[in-house]
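According to Swiss-Prot, the protein carries these features:
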REGION    21-52  region 'Disordered'
DNA_BIND  59-124  DNA-binding region
BINDING   Cys90, Cys95, His119, His121  Zn(2+) binding site
Amino acid sequence: MEDRRCDVLFPCSSSVDPRLTEFHGVDNSAQPTTSSEEKPRSKKKKKEREARYAFQTRSQVDILDDGYRWRKYGQKAVKNNPFPRSYYKCTEEGCRVKKQVQRQWGDEGVVVTTYQGVHTHAVDKPSDNFHHILTQMHIFPPFCLKE
């Protein structure tokens, strides 16, 4: 077998040990590219997150009737909280609203419901059915999530 020694291209650095710049069997026929010849990186658009709204409601049941229909798609344990968090999606076709439901850690009588997105359809049930829930809700400003 032929012993071919080729130099490995390193960024401009004079402090590289010459013994590290040689490898056996490496083809060095490709020409190095300069920074002006490199392909520009495509800038990916950052996905904008929809606003989130959190509500605290004093209730003995976790699933509150808010007038929409929901499908549960997950549940997970949360650190430092004995109560799991449940994940729901709106069942209306084309509606991308999600909600998370979890009991508050210090006060298990409080249910925290976080909504993400805005419904693209009318409410399924009249609002007078859950007037008592609305009177108990504490509305918080949208979360500012940083990536």
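Note that the numbers count up from 1, one per residue, in the order the chain is shown.
Cβ coordinates are placed from backbone N, Cα and C, and glycine is handled just like the others.
Features per Swiss-Prot, on structure.
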{"residue": "Cys90", "record": "Zn(2+) binding site", "CB count, 10 Å": "21"}
{"residue": "Cys95", "record": "Zn(2+) binding site", "CB count, 10 Å": "16"}
{"residue": "His119", "record": "Zn(2+) binding site", "CB count, 10 Å": "15"}
{"residue": "His121", "record": "Zn(2+) binding site", "CB count, 10 Å": "12"}
Would you list, in sequence order, the residues of this chain other than Cys90, Cys95, His119, His121 that have their CB within 8 A of the centroid of the site's CB atoms, where the site is the one recorded for Zn(2+)? Tyr68, Glu92, Gly94, Arg96, Val97, Thr120
Rounded mean pLDDT for the residues that make up the DNA-binding region (59-124): 91
